[in-house]
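Asks: The structure follows.
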Amino acid sequence: MGQVFLLMPVLLASCFLSQGAAIENQRLFNIAVSRVQHLHLLAQKMFNDFDGTLLPDERRQLNKIFLLDFCISDSIVSPVDKHETQKSSVLKLLHISFRLIESWEYPSQTLIISNSLMVRNANQISEKLSDLKVGINLLITGSQDGVLSLDDNDSQHLPPYGNYYQNLGGEGNVRRNYELLACFKKDMHKVETYLTVAKCRKSLEANCTL
């Protein structure tokens, strides 16, 4: 009986520590989701502002090109639809989100074009991407319990973003900026979806459907 009483403080301390870790983990998820939501809204606004400066024919042509083209981040293997997203583990969604954010560290610096609003936004984006990357890395560390499990595709290096956009051809800055902004908006939407699902799973909510 004495041994049971001796173990009680240890068990209670362990319970409180576990509860504290869960609360901190949820706090980090809340911050990460909030930040990527802001980035997604910012990306949407920047794309809409740029799209609004195009002539109708120019807009249609660029949209057709973009639909046939691809974003460099498409090299990152990720869920193809909502069903696959919901089947993916929390750790997998976090790793994909980390890779997507990391893939924009360089190109976010090239979003600066001849518009004062976009210059300010671009500076904000670089800082927010860096903060979000650190936050996702903390979530990965807290979710993997010391075991790093990556698919073979996760170890592949993406080709340099700069080289890709330097080879777009004679259309110049208009197509380059259109694709940058469209891809950025697309990828921030992906990360927002993945982090929202991962956060829901960690909170043990009954319904995490998209």
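Cβ atoms here come from the backbone N, Cα and C positions, even for glycine.
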Asks: Identify which of CYS71, CYS208 is listed by Swiss-Prot as the disulfide partner of CYS183.
Replies: CYS71
Asks: Could you pull the disulfide partner of CYS208 out of CYS15, CYS200, going by Swiss-Prot?
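Replies: That would be CYS200, the partner Swiss-Prot lists for CYS208.
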Asks: What residues, ordered by sequence, lie under 8 A Cβ-to-Cβ from CYS208 (disulfide bond) and sit at least six positions away in the same chain?
Replies: GLN86, VAL197, CYS200, ARG201
Asks: To see if you understand the setup: which same-chain residues, six or more apart in sequence, place their Cβ under 8 Å from that of CYS183 (disulfide bond)?
Replies: CYS71, ILE72, SER73
